[in-house]
Amino acid sequence: LGRMKPVIVVHGGAGRIFREREEGCRAGVVRAALRGYALLKEGGSAVDAVEEAVRSMEDDPHFNAGCGSVLNEKGEVEMDAIIMDGKNLDSGAVSAVKCIANPIKLARLVMEKTKHMLLTDHGAHQFAQAMGIPEIPGEKLITERSRERWKKNLEPDSNPEEFQKDLGTVGAVAIDSEGNVACATSTGGLSNKMIGRVGDTACIGSGGYADNHSGATSTTGHGESIMKVVLARLILYHMEQGMSPEVAADAALDYMKTRVGGLGGVIVVNKAGEWAARFSTKQMSWATVKDDDLHYGIYAGEKHIKSVDEALASEREGF
């Protein structure tokens, strides 16, 4: 068997990325892609790579996941995350978790250490304690920006929908040298959401899906719309019908838009290692590494290409 060339694709969320945050978002997705790719190059698994890439973005306050997550109606951070292994369709997810830095790590533990796929709220919290995951004060996850936005949304004449445009779920998909695929997605959800609201991210087939027989995908955008069309699984279905990753992604996003008026973005890799990053929103930060070339962008039609060595050098000098 010829070994696969590893590929990783990451996204930092679809929506509207404000000018002053563009550089940080670009740098964040590039860093995440390079970290995941470094693992793949050493022969690491797709699951390890997507977890590492997502963890990198959870720790980056530019994104709505981990530190930097948006606040619910009560001003708290409640996070959702999912990870899936395309080899045997194993998956782990957590929803409405508080006070941990990296929900994606907990999702992976759910996948590997329990017979279940999704743990929520208090049960997820107890499981985290049992697994020795350090608890951190909820305030540590809250940025000045998230608190400002939360306050603005509480004003009687505010329109939280206006702010939802800047969503920022994070995700990654990869194929490793063995030809196994995986996906991971993590989010703080919707700003000023109802307590206990769970979006698409924690739901298998909506927030992400990975199957060695077709490929892997991670989604971002309006969660309720994504759930209505089971977006991640829909893309893989299209690829099973013979569509390329790009055509499959566009067809599914187009269906979501015409059928339920929902906007979003997706990253895809198929079992042959072909990839796509597509979105129906104004922007989506994304980055890919394949064949030692880094591709990245934010706007439709925008695509920068650098060699990995060049990117790692500028990474060391500070983006």
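Here the Cβ of each residue, glycine as well, is placed from N, Cα and C on the backbone.
As written in TrEMBL, here are the features:
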ACT_SITE  Thr169  active site, nucleophile
BINDING   Arg197, Val198, Gly199, Asp200, Thr220, Gly221, His222, Gly223  substrate binding site
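Each of the binding-site residues Arg197, His222 was scored by other CB atoms within 10 A of its CB, and the lowest score goes to Arg197.
When Cβ atoms from all protein chains are considered, those within 10 Å of Thr220 (substrate binding site) total 32, not counting its own.
The Cβ of Gly221 (substrate binding site) has 27 neighbouring Cβ atoms from other residues within 10 Å, across all protein chains displayed. For Val198 (substrate binding site), other Cβ atoms within 10 Å of its Cβ number 20. Listed in sequence order, His11, Gly13, Ala14, Asn64, Ala65, Thr185, Ser186, Thr187, Thr201, Gly207, Thr219, Thr220, Gly221 are the same-chain residues at least 6 apart in sequence whose CB falls under 8 Å from the CB of Thr169 (active site, nucleophile). In this structure, of the binding-site residues Gly199, Gly223, the smallest number of CB atoms within 10 A of the CB marks Gly199. Applying an 8 A CB threshold to same-chain residues 6+ apart, the list for Asp200 (substrate binding site) reads Ser206, Gly207, Thr219, Gly223, Glu224, Ile226, Met227, Leu231.
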